[in-house]
């Protein structure tokens, strides 16, 4: 069977109290809808249609890196109406997986099990259901005396007895495309919400003697939807626990998982140790045998193996093997450290490349610089890279020694094996193998009083 997926993502999400569409809110490092798309792709479906409505430009921008198609639901008239918008772009012979865009906890295994159940039973439609201890807010699955599907009753339309049912509709389905779209055209808005319910199409198909299957999943956690900020925080916590467990089982040590925050797409090599109060975000990649933390935050950075980073901040930085960073270092975007570099306490580096084995031990600012191999930058060194209008380059060639409290006024180049005297302000190029000193003469004046 040819598989397509339709993700319903047109809702406003009023309870989020936000200008953003609900599916655009971030959880575990990326927007909710990207978690759903990832699960669908991991389940083996490449043909994905997203139904957009409120904030469609934002949703489309978020998904711009994905190979998906969009259809527009101008008015939010229910789940059935949302699915109908996809009729023109889904082949009638397809089997379609339908799910909401606000369920970031969904896992590919649950979707695969649903699709396999649908295939084995050769059903026209299959509903993924879950038994929940607290089913409040969910539609209930009604079965006949033989346990077969009867219908789904939405909570607002349910009576007191029906509300006692624990088996709920997850909102995730498999359908024969041609038959579900035919049934949807016969649905109405005669219900408490005044909307076109997708669940009514199931009842119509049942009345037409079509086969309706139920796949009862044990993945209660998987189907949690996000409706407000409380649920967003709960989903964040669950996804972080999953990620931490995945990393620990793959050979990464987390000294205190409860205080460690690692985004879903982060990759970390084995025998790396993550100390407490560490945050690793975005698409960061860390090698093997590193020690990170405590109190470190790394965003969208590439870290080699055997790197030590203590109490520091890294943003879009690239760090080669065996570097030593911190404490209290700040590596800003486009910073590259080659192998064996030391960046010590209270050092800020921006848009610079630091050569193999070079050291910037403490209290320095390096911006728009290229530093060669084996360079030592003394305490208090500043690259003066900005004249109020433009940024300029500083170049330190191999084996340069910069004395403490040196100001390097860019553009400037210090030739290889050269030394600057402590306290100098260097504003002209220094030839190789040179000692450069620039100081005002020292004066001794008598004290008064």
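The backbone N, Cα and C atoms fix where each Cβ goes, glycine too.
The acetyl-CoA site in Swiss-Prot is built from 379, 385, 386, 422, 439 plus one of 358, 404, namely 404. For the region 'Linker' (230-250), the model's pLDDT averages out at 98. Sequence-distant contacts (6 or more apart, same chain, Cβ under 8 Å) of residue 386 (acetyl-CoA binding site) comprise 367, 392. Counting only residues at least six positions away in the same chain, the Cβ atoms of 51, 79, 82, 83, 98, 99, 100, 101 sit under 8 Å from the Cβ of residue 8 (UDP-N-acetyl-alpha-D-glucosamine binding site).
Residue 385 (acetyl-CoA binding site) falls within neither a helix nor a strand when secondary structure is assigned with DSSP, and so counts as coil.
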